[in-house]
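Report on the structure given below.
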Amino acid sequence: MNTDTAGSPEAKGPDELPDIEDSDVEKAAQETPRGLPLRVLNLEKRFGGITAVDGVSFEVEEGSLTGLIGPNGAGKSTTFNCITGVHEADGGRVLFKGDDITGRKPYEIADRGLVRTFQIARELEEMTVLENLMLAPRGQIGEKLYRSVTPGLRGEVIEQETEIREEVWETLEFFEIDHLAEEYAGNLSGGQRKLLELARALMVDPDVLLLDEPFAGVNPSLEAKLLEQIHTLREEGYTFLLVEHDIDLIMENCEHIIVMHQGKLLAEGPPEEIRNNDRVIDAYLGEDI
Amino acid sequence: MSVGQRLWRAVPSSIKEDDKRLIIALLAGTYLLYAVSQVYLALMNNADVFPAVANSLQNLTFLIAVYAIMALALNLHWGYTGLFNIGIAGFMAVGVYSMSILAAPPGGSPPGFGLPVPIALIGALVITAIVGGIAALPALQLEADYLAIVTVGLSEIIRLVLNADYFSGTVTDPQSNSYNVVNLFGFKFGTGGGQGINTPTSSPASYLYGPSGDPNAIGELAYGIGVSLGVNNSVVNGFTYGMFLLLFVVTAYYVLLVRIGNSPFGRVLKAIREDELVAQSLGKDTRWVKIKVFMVGCALMGLGGILWQGSFGFVNPNTFRPIVTFYIFTALIVGGSGSNTGSVVGGAVFAAFLFEGPRQLARVVEAAMGGLLITVSGPGASLPSPNNFYVAFSTLDPLGWLGYTIGNISSLRFILLGVVLVYMMQNRSEGLLGHRKEIAASVDLSERKGNVAPTDGGETNE
């Protein structure tokens, strides 16, 4: 573990909130270099008596493809939900680009440039693929009701819509789903939905993309295509945090890996290190990694 | 659905693919059907043909227009945003009563604010929007089903408050024990309670034609034409108002809703309907959007209520029973929720064929059977009209059954409504026009600069 910056997990009892002072957060924020857009400190989430995430800390470096793995029930998706504001964390901090985003609403977090996809693709089914993508970009002036209705103000909206439309078609072509542009999203196959979901998240123009099992239910050829596109996007400067339970896939593609087990951070490091980590091997007992 | 499909296939594609033509063709067909049946009825009953037709069509025009208006307003809530608002009647009541109270003279019974009608109208819309906003604040944090319960509850609370004696303002003598004028910061007003309240717009057509006793030049002309055709002034007034609603108000609502729907704002609405968490995860502040759209929709419902129930010169709280809400939902579901053209079509189909249609059909059948019986069994013969269900069905006489059905058609059409709803839900849940793609964007998305996109005939509305 190389990220234990703000107090060790052992220092506190199970029921207390992590004793992070505001000054700690500020310090961490100041220390967070530009190269570290996402930083999770002692994150905790309980559901009733179950502690789903238990004091997890990690960092995602800018421009990296970081993998978050762990067996079922390790708390990966809960961590994701806490980072993106879907769940309210019971303790700990999430820092994004140096700002404390803990407890913020999902839309505020997305608006800052931290965008997620969902484990089970959540398409806006009765909207076409084009509409799905048109929805995503930030800062659309036409989302103000008066602008979309008042005749004199619609010129700017239409201008912006035209620009976004171009971007949407480029994105569709990049993901090779432009032939489906006018289909309802609900009519797409599972794999196409995954592509659409990634394309839609990209249209937000995020700094960091959190992908929750983007390859689940995707056939091998589409998986290869998705991976290729993720690598291309990474080269363009996007940062990825990938949740996956296919260890091999993470090992082959990510340069930094976070392993979770039973709500705790088990190990963190480059693939070679993880591969030879005894604790990881124990957690994945019987699995060949 | 095979008959329906065959009929639909028989419609030329030039009509099917153009919204305006589709609506006009539907209205023209409906009018023709009503006119023909009314001519037949007039001939059978030895009445004057033209006045009978005019009266029937003015009634039909009004009903089509008000149901289209309300269905369009509901489409913003339910069709676009998926907000299950079943308190429409309550928001209509707020609109009508706000306007009536704002415009009522301060010295009247019940007293009001004595504002001029246009200001009272604007005030009423603002008040309806605010009431909608207040309802939305706690309710929109709830899941869809709970929102439904909250809105229908609010609607009934509004109706019962309006019905209550405590706020009615009918006893204006402060010394009286039953003094019941509401006193809000020195402004005194009352709701009229169970007795109802006068609305300031008793004869909307008088804004164009001048007061009924002393019409202006346009009025003289219109009434003159009416007289020469044998139509009295009230029918001329009714026709004028119905046409105003249909041609101007429905069009204005339609254009406004298409504008709202086909915009980035409309896209967010659709996204909220489909999956609110996704919309949030894409950076959309859905709560605020929902409150805004709820307020705008409520104001549109309030205005619809004013134009509908407010146009008779008088309302009482019983006008705003929840059944009105369900009529409007039926209209929207039949037409196709999510589609503005579908809303107008639904309003027209509901008013013409589900609400008014059974009665008209019963009248036609009654007249036809009467004529038939006279030719068969001689003069004086008529359909039996059994007093109650038991008598009707124990006679084992099909004519008795028919007579009973015709005599009770106003109640029996509720069964028809139910059957139609169940049928639509099972076989065509998207409504008559709900299958159409009304793309939420201010520009045609399939068009691109430079190269032509592969279109497959997707329809857009702008």
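Each residue, glycine too, has its Cβ placed from N, Cα and C.
What TrEMBL records for this protein:
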type	residues	note
TRANSMEM	B:21-44	transmembrane segment
TRANSMEM	B:56-76	transmembrane segment
TRANSMEM	B:83-103	transmembrane segment
TRANSMEM	B:115-137	transmembrane segment
TRANSMEM	B:144-162	transmembrane segment
TRANSMEM	B:238-257	transmembrane segment
TRANSMEM	B:293-314	transmembrane segment
TRANSMEM	B:326-354	transmembrane segment
TRANSMEM	B:361-381	transmembrane segment
TRANSMEM	B:401-423	transmembrane segment
>> Tell me if the transmembrane segment (B:115-137) touches the transmembrane segment (B:83-103). I count contact as 3 or more CB pairs below 8 A, with pairs 6 or more residues apart.
In response: yes
> What residues in the same chain, six or more past the boundaries of the transmembrane segment (B:361-381), come closer than 8 Å to it by Cβ-Cβ distance?
Replying inline: 37, 40-41, 44-45, 399, 402, 405-406, 409
> For the transmembrane segment (B:115-137), which stretch among B:144-162, B:238-257, B:401-423 has the most Cβ pairs under 8 A?
Replying inline: B:144-162
> Who are the long-range neighbours of the transmembrane segment (B:238-257) in its own chain, taking Cβ under 8 Å and residues 6 or more past its ends?
Replying inline: 27, 54, 57-59, 61-62, 64-66, 68-69, 72-73, 75-76, 204-205, 208-209, 222, 300, 307, 311, 340-341, 343-344, 347
> Do any residues of this chain, six or more beyond the ends of the transmembrane segment (B:401-423), have a C-beta under 8 angstroms from a C-beta of it, and if so which?
Replying inline: 330, 333-334, 354-355, 358-359, 361-362, 365-366, 369, 383-386, 389, 392-393
> Which residues of the same chain, at least 6 past either end of the transmembrane segment (B:144-162), have a Cβ under 8 Å from a Cβ in it?
Replying inline: 82-91, 93-94, 97, 131, 135, 138, 191-193, 317-318, 320-322, 325
